[in-house]
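Heads up: the structure comes next, in structure tokens.
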Amino acid sequence: MTLSPDAVESVPFGDGPHPVPDRPSAAMKVLGSMLRDLRTERGVGLQAAAQVVRGSRSKISRLERGESPPKHHDVMDLLRAYGVREPATLATVDDLLRKTDEKPWWHRYADVTPGWLRRLISLEESATRISTWEVHVVPGLLQTPAYARAVIAGGLPDAEPHEIDQRVALRRGRQEVLGNGQRTEMLIALLDESVLERPVGGAAVMADQMRFLLEAIERRRVQVRIVRFASATDLTPPSSMTLLRFPHGGPQEMVYLEHVEAATYISRARDVERYRALLERLYLAAESRTRSKEMIVAAHDHYRARAA
């Protein structure tokens, strides 16, 4: 299996009513996708739609991508312009608008949730597949609280204890995308071998983190593959990257590159394809699921012995 989009099963939105998700950010994505479909089906251009809401083309684009909170009167004006009168469609839109008004779960951590991270949380909640390459640490979606605390404290040495507590709790909240009933169907984590050897937080923390990884890979929707030092020396990227794939009718595939206190999002198809191809090569260079599990078991046993 590769990371090729042809091998990924998508979730159709076109047939039947749009599902109404519980989270505001996901509701914005679904509403935006629905508005885009209605506009294109009616043959209305971006400029014409922008005139309806007395705004710009970029305003419509952000609304349709679910990147800005929708205003009720704008949505109603667009529906009238598109000639939408079906009671079922109007009821769905009304429900979606109500969902977008709710405060997101991460609102309580707003002080430690900058705009670029809010966008990532929204994308993770909407993605059907997340493929990530990590060079230095276990991905945030698979970190234990103690491991996350060590990573955050190391990256932000001047942070106050309560800020670190909030960031750890926020990271744990993000992991809900892997829970039962969530949209995410698969997380593929490709880890450089050094991730297993870097003693983040000490032996006891690492032993618990390795145990958590072993538990995670028993779930159908999680894969963890290890890329050994010797297997990919000519293609191993020096920094981490994440590829997010969305349902049919949702946003286009997007690449996320994280920096210390910022991030870069790449959505241009040509550039996304380069990163996808790189992830495919890493996937092929990685150890099998069985061998990767054996390596994680060995790391767990090593750290458990050191912690004893």
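Glycine is treated like the rest: Cβ placed from N, Cα and C.
Features of the protein shown, as given by TrEMBL:
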DOMAIN    35-90  domain 'HTH cro/C1-type'
REGION    1-22  region 'Disordered'
How do the residues of the domain 'HTH cro/C1-type' (35-90) split into helix, strand and coil according to DSSP?
37 helix, 0 strand, 19 coil
For the domain 'HTH cro/C1-type' (35-90), what is the mean per-residue pLDDT, to the nearest integer?
92
